[in-house]
């Protein structure tokens with residue numbers, strides 16, 4: 001094969017020094033001088049032909065959801081090693097420009113993924129007043145609390161939050177009687193609403209709504225403030241409703257279900273067909289999903305101080321699963337007794353019991369096992385947080401007193417994914433990250449100042465912290481570097497384009513719209529429940545549609561023509577009979593054979609004097625009978 005000849009150099013390239021012909025970096029190009037109008041036109045016109053790909057500025061969108069520091073004196077301090085750390089933050093408003101965001105981030109000493117002390121903008125001051133940037137950088141990479149998004153669909157306190165194992169779907173329950181289902185992939189920054197709202201038990205608020213981890217979140221256990229728990233599908237359809245017991249039976253062993261309000265519930269750690277519920281009837285019942293007509297096992301708490309030997313069950317937790325550990329069921333009653341039962345039985349009496357674990361007649365709403373099942377934490381409205389060792393339950397390992405616990409019965413406390421810390425909320429709306437060893441606050445983060453923080457959860461897979469407050473707000477805390485998916489998908493997604501069918505008055509669905517499976521089509525554009533009668537109260541019944549077949553007041557002429565004798569209801573019965581008197585006398589139907597021979601009835605005429613005598617005689621006879629009696 002013949003070798004290709006090299007190309008000839010152009011005349012102007014021959015005069016250049018060696019190696020300069022291919023060096024384009026040092027070549028200077030003169031830019032034309034453009035006027036203001038020409039520059040605006042150049043920016044308007046496309047730079048190239050073909051399809052233009054517009055990439056959103058993800059960093060700027062993350063910066064809009066970044067939390068910024070508040071005034072340090074108003075935030076709770078953390079003490080340790082001669083330093084005082086203030087962690088008080090809030091989210092940057094959408095109206096702030098990028099320059100303002102950069103200025104705040106620089107002032108807060110934070111770049112990168114997490115915030116100082118677990119969130120951006122944390123300020124760590126030495127005793128001498130110098131900034132501790134190195135400690136801030138270490139804290140920023142510890143907790144996913146540097147950024148947040150707020151979901152505001154509930155109108156009353158959020159009592160429970162649960163995520164499926166994949167971290168894509170959220171279930172929330174509230175005191176507004178509604179359970180709302182959220183989906184991270186279907187939300188955007190301008191559309192942060194639930195795709196379905198349902199009322200499992202009419203006019204009963206929700207205590208708990210938990211996804212099952214044994215079946216990948218395909219089932220949802222809902223515990224309302226009613227005697228019957230329900231199991232819903234992933235899309236909100238009712239699968240199972242457990243039976244209600246006979247309230248007139250004294251022995252709870254003979255009842256088939258709870259006879260009074262439920263307070264808590266939990267799934268079996270490994271068996272997706274078994275759940276446990278606790279109620280105010282002093283019982284804890286284990287249910288088989290396939291046999292909803294009667295509980296499988298029952299644990300009756302016999303109180304030594306309660307009236308009639310009964311006490312309300314406040315909370316429960318079930319430990320044991322893929323991570324190992326003992327299979328245990330822990331309960332706390334209103335009389336302050338902490339009891340541990342073996343998960344596989346027997347259930348006649350607890351395996352371990354601690355009297356006066358919390359103050360009597362105070363509600364204990366928070367209870368949680370560590371992931372290995374060795375540690376147990378409880379929190380009550382007596383202001384105490386106690387850490388227990390399940391292998392030796394006589395006395396708590398660590399106790400913290402005078403903690404500002406909200407008065408809501410669903411206020412909880414949970415372990416972090418690695419069981420080294422705990423998270424919970426207080427009455428001021430602050431999220432506390434506690435050390436699992438000492439129960440001291442390592443970081444405090446104001447989420448909803450002035451509104452108590454009730455429900456908290458920490459998802460291990462997507463590394464998000466979700467909080468629910470008394471004002472109905474749901475906050476998803478995350479970090480762009482520590483977290484995955486979840487809120488990152490929502491923030492990084494471009495704003496949803498408004499469709500012509502997206503209206504607030506109607507619930508029309510476009511042919512181009514994407515509908516989730518089994519979703520309700522009768523919701524408004526924002527995903528809220530639409531009330532036809534007006535007003536925003538979801539408990540108000542919908543007015544019937546005004547149609548020719550469903551009017552609220554049917555047409556009277558249609559009824560008279562279609563229903564025989566319908567006009568008789570508006571007539572006087574005496575007048576209706578008397579109008580036939582003359583016709584019956586003139587043309588009798590049944591006595592026509594005796595019309596000519598029938599004698600005329602003659603009535604005796606009674607005079608006035610005789611009437612008076614008859615009346616007086618009757619009065620005298622009545623008087624004689626009374627005297628005889």
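Using the three backbone atoms N, Cα and C, a Cβ is placed for every residue, glycine included.
Per TrEMBL, the stretch carrying the note region 'Disordered' among 486-509, 510-533, 534-557 is 534-557. The residues of the repeat 'WD' (151-192), classed with DSSP into helix (H, G, I), strand (E, B) and coil, number 3 helix, 20 strand, 19 coil. Remote same-chain partners of the repeat 'WD' (151-192), defined as residues 6 or more beyond its termini with a Cβ less than 8 Å from a stretch Cβ, comprise 61, 198-211, 213, 216-217, 220, 222, 232, 234-236, 408, 410, 452, 454-457, 459, 461-462, 464, 466-476, 485-487, 489-491, 493-496, 514, 516, 526-529, 536, 538-539.
In the predicted structure, the repeat 'WD' (255-297) carries a mean pLDDT of 94.
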